[in-house]
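Chemist: Pulled these features from TrEMBL for this protein:
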REGION    1-28  region 'Disordered'
TRANSMEM  43-65  transmembrane segment
TRANSMEM  110-135  transmembrane segment
TRANSMEM  147-168  transmembrane segment
TRANSMEM  238-257  transmembrane segment
TRANSMEM  263-288  transmembrane segment
TRANSMEM  300-327  transmembrane segment
TRANSMEM  339-360  transmembrane segment
TRANSMEM  372-392  transmembrane segment
TRANSMEM  421-440  transmembrane segment
Amino acid sequence: FFELRRVPATPPSAARSQPRLPAMGGATPEPLLASEAPSVMGLLWHFFVMGTTAFGGPPVHLGMFQKRFVEEHKWLSTERFMELNAMANCLPGPSSTQVAFAIGITQQGVVGGLASGFAFLLPGLIIMTGLGFGAHMMKEEVAKPNSAANAVAIACSAVGVALVFSAVTGLVKKIVQGKLLGVICFASAAACVVTSPQPPWLNPALILLGGAICAVFPPNKGSKEQTLPAAGKIGCSWAAGVVIFILYLLGAAWTIYDSAVDHGWLIAFLTAGMFVWGGGPVVLPMLMTVLTPTWIQKTIFLTGIALAEMMPGPVFNMSAFLGVQIALANGFPWPAGTLLAWLGLVGPGVALTFGAMPLWNQLRNFKAYNHALPGLSAAAVGLLVSTVFAVFDALDGRSPWPAGSRAIVLCSYAAIEMVKANVPTVVLVAGLAGYLWSLVQSYQAPGEL
């Protein structure tokens, strides 16, 4: 059975100067990490670029983070990246956004986390706020399959599918080593694929189960004990982390009580932000049930979903769109309505990320966690494996030209993996291709193509 004994973790200050130990399960050792952590301004810039080019939802966001921050810039190791992903999947809220905050925390502490997270959120927030004002006009435009807006969004999403496939194949090769980890990874993926719709508890349950299996049956049993990958900075102290979780529990209790007596629109966003695991696919149906038809028309809500799926960044930014609509319809100042709706949905998960970082780091001091980590990471990779089917099916279902979308996926994968092209450049080229296709369609007689 496992032993709760403290084990040393690589000191953050030494992580960038010492040779890397073999990866979990005997995978090929990774190169040294970057010699210097990025500055706060560097975090702002890189994550702002991510926020403007990350089309396609959380799997694509994580794929882009893996490509840029792990493989290209080497800010953190693959193992540490998957640790952060596993942690985010155990918390309510937008998982890819929480990983963005967590990466910034590992580099520059609390300030770095705020810089990276809000830079990633800001582009989509601004766009969705603006679209909230033009919802009726955009509704007609998005509804046209051959419109320029839809064609550009589909083409950019095709790049996202290529990124998901690239990230998944790379992570499976690096993380999933050996029979036990392979079973955990692909059993987790299969559980996600066959469970539709997924219950909100499924992702954290699978990750914790994978960790528990490896804690009891360590995949590296008998081999030389391995030093954990460097944690980097963790932001606030563990005591502050405990305070954040206590405040969350108090806030959750108040939300449960208030939602029973207050049927206003703000409590709906706060309830979703407090209690929803599983991201956009779970939170949007929940909000629609509460907000329509009392606070917003169902057609406008569905238009917002379509627009949010087209935009870069997390789907949770749709809260800004809804906040504008509800505020304007009810005589409420739209800036306040937008901010309150957005903070209500995004804020709880973000706050928990800052609280979880030091507490999760405490787990790294125990041998049981050292044994469980490969299972946690393998299960987290399995969750990403399952998304390959979802993102491809979503692309095929939305595209007015499925064959062309598949071609963009293949070309994008070749450009990223073989040519090593910059991802934002690939997104821009794909968007241009989609726009040109829409122009051809606008001059094409019906039935000719």
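Every residue gets a Cβ built from N, Cα and C, even glycine.
Unlike curated entries, TrEMBL annotations are predicted automatically.
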Chemist: Mind pulling out the one from 147-168, 339-360, 372-392 with the most Cβ pairs under 8 angstroms to the transmembrane segment (110-135)?
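Modeler: By Cβ pairs under 8 Å, 339-360 leads among 147-168, 339-360, 372-392.
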Chemist: For the transmembrane segment (339-360) against the transmembrane segment (238-257), do we get 3 or more Cβ-Cβ pairs below 8 Å once near-sequence pairs (under 6 apart) are dropped?
Modeler: yes
Chemist: At an 8 Å Cβ cut-off, counting only pairs 6 or more apart in sequence, do the transmembrane segment (372-392) and the transmembrane segment (238-257) clear the bar of 3 or more pairs?
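Modeler: Between the transmembrane segment (372-392) and the transmembrane segment (238-257), contact is absent.
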Chemist: Under an 8 Å Cβ to Cβ limit, what residues of the same chain, 6 or more beyond the ends of the transmembrane segment (421-440), are close to it?
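Modeler: Residues 49, 52-53, 55, 64, 67-68, 146-148, 150-156, 158-159, 163, 401, 404, 408, 412, 415, 449.
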Chemist: Count, for each of 43-65, 147-168, 238-257, the Cβ pairs lying under 8 Å from the transmembrane segment (300-327), and report the range with the highest count.
Modeler: 43-65
Chemist: What else in the chain is close to the transmembrane segment (238-257), if you only count residues 6 or more beyond its ends and a Cβ gap under 8 Å?
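Modeler: Result: 267, 270-271, 274-275, 348, 351-352, 354-359, 361-362.
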